[in-house]
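K.L.:
Among the features that Swiss-Prot reports, Mg(2+) 1 binding site is placed at ASP14, ASP16, ASP214. Residues or ranges marked as active site, nucleophile by Swiss-Prot: ASP14. Annotated active site, proton donor/acceptor per Swiss-Prot: ASP16, in sequence order. Swiss-Prot lists ARG23, ARG129, ARG140, ARG147, SER185, ASP187 with the feature alpha-D-mannose 1-phosphate binding site, giving similarity to another entry as the kind of evidence. The feature Mg(2+) 2 binding site is assigned by Swiss-Prot to PHE226, ASP228, THR231, with similarity to another entry given as support.
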Amino acid sequence: MTSPASSRTILVFDVDGTLTAARQTITPEMREFLIEARKRVPLAIVGGSDFKKITEQLADHDKDLLLSLFDYTFSENGLYGFKGTEPYPVQSIQKAIGDAKLQELINFALRYMSDIQLPVKRGNFVEFRNGMINLSPIGRSCSQEERMQFVEFDKKHGIRQKFTEQLREKFGQYGLQFAIGGQISVDVFPTGWDKTFCLQYLVPDFDTIHFFGDKTAPGGNDHEIFADERTVGHTVEGPEDTRKHVENVLKELD
C-alpha cells in the first residue's frame, strides 16, 4: 500500500542504459520489479527516443501496456508525453526554430558526418522527431555488433564529443542545445527542451522527484535533469544497478 510519504514521491527513469541495456528490450524480471515498486510509489519514464522506440523496448510494441506500467510516460525528453493515458500537448522543433535554420543545421551535419572516417557506416544518419533531431555518425540502422564497435571507437577518438562541439560553436546562437545521446548519436533540441522539460508536469504534484540515469555527466542527455535542484539524482550503470538504487530509496520510504 502506498504511504502518504511515498504518494508525494515519484521515481523517474531514463530508459536506455537504465531500465534496459542500450537499445535492448526490458527483461521480464525488470518489468516485474517495476510493477511491484509501483505498488509502493508512483513511477515515470523520460527517454530521449521517440514513443515508438520506447514502446518497443519496454512493452513489446504495446502502447496500452506501456501506459499501464507508469503513472507518467515521457518520450523525446517529455515533448511527447502522457499522464496515465491522457496526452500532453506535443511540442515541435520545426515550429520552435523554423525550417530555414533546421535545413542549415541538417546540411552542415550531413557534410560533417560525410568526412568522418569510421570502421563502418550504415544508414539513417538524421532522424527527425517531434521535439529534436537525432544525428548518428554511424547511422541508426547499424547492427548491434556494429553499434558496439562504434561505442569502442567513440571512446578512443571522441567522435561525438567533437561533433557536439562543432555543432555548439556553429548553431548555439540559434537557441539550440546539443547532447550526447545513447550510444551512437547526438541530440539537438531547443534550449530548455532537455529532460528537465518533463518536470513542469511533475513538480506541482510531488515534493520529492528521484531521477535515475546513466548519462549524467556534463554533455550527457541525462545531465540537466540529474543536476536540477528539483530532483534527487542517481547515476546508474545499467538495469541491475538501477534496481539496487531503487531498493535503497524504497527502504528510506518505509
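Backbone N, Cα and C define each Cβ position, glycine as well.
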K.L.:
Excluding ASP14, ASP16, ASP214 themselves, which residues in that chain have a Cβ inside 8 Å of the centre of the Cβ atoms defining the Mg(2+) 1 site?
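P.N.:
Output for this site, in sequence order: VAL15, GLY17, THR18, LEU19, ALA22, GLY47, GLY182, GLY213, LYS215, ASP222, VAL236.
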K.L.:
Just checking, which of ASP14, ASP16, ASP187, ASP228 (binding-site residues) has the fewest C-beta atoms within 10 Å of its C-beta?
P.N.:
ASP228
K.L.:
Same-chain residues six or more away whose CB lies under 8 A from the CB of ARG129 (alpha-D-mannose 1-phosphate binding site)?
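P.N.:
Listed in sequence order: ASP50, GLU76, ILE93.
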K.L.:
Over the residue list ARG23, ARG129, ARG140, ARG147, SER185, ASP187, recorded for alpha-D-mannose 1-phosphate, what is the maximum interresidue Cα distance in Å?
P.N.:
21
K.L.:
Given the binding-site residues ASP14, ASP16, PHE226, ASP228, THR231, which lie within 10 A of ARG23 (alpha-D-mannose 1-phosphate binding site) by CA-CA distance?
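P.N.:
Matched binding-site residues: ASP16, sequence order.
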K.L.:
Sort ASP14 (Mg(2+) 1 binding site) into helix, strand or coil using the DSSP assignment.
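P.N.:
In the DSSP reduction, ASP14 (Mg(2+) 1 binding site) maps to coil.
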K.L.:
For the C-alpha pair, I'd like the distance in angstrom between ASP14 (Mg(2+) 1 binding site) and PHE226 (Mg(2+) 2 binding site), rounded off.
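P.N.:
For ASP14 (Mg(2+) 1 binding site) versus PHE226 (Mg(2+) 2 binding site), the Cα atoms are 10 Å apart.
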K.L.:
Looking at the binding-site residues listed here (ASP16, PHE226, THR231), whose Cα lies nearest to that of ARG147 (alpha-D-mannose 1-phosphate binding site)?
P.N.:
ASP16
K.L.:
Rank the binding-site residues SER185, THR231 by the number of other Cβ atoms within 10 Å of each Cβ and report the first-ranked residue.
P.N.:
SER185
K.L.:
Using an 8 Å cut-off from the Cβ centroid of PHE226, ASP228, THR231, can you name the remaining same-chain residues around the Mg(2+) 2 site, in sequence order?
P.N.:
THR196, ILE209, PHE211, GLU224, ILE225, ALA227, GLU229, ARG230, VAL232, GLY233
K.L.:
According to DSSP, collapsed to three classes, what secondary structure does ASP187 (alpha-D-mannose 1-phosphate binding site) have?
P.N.:
strand
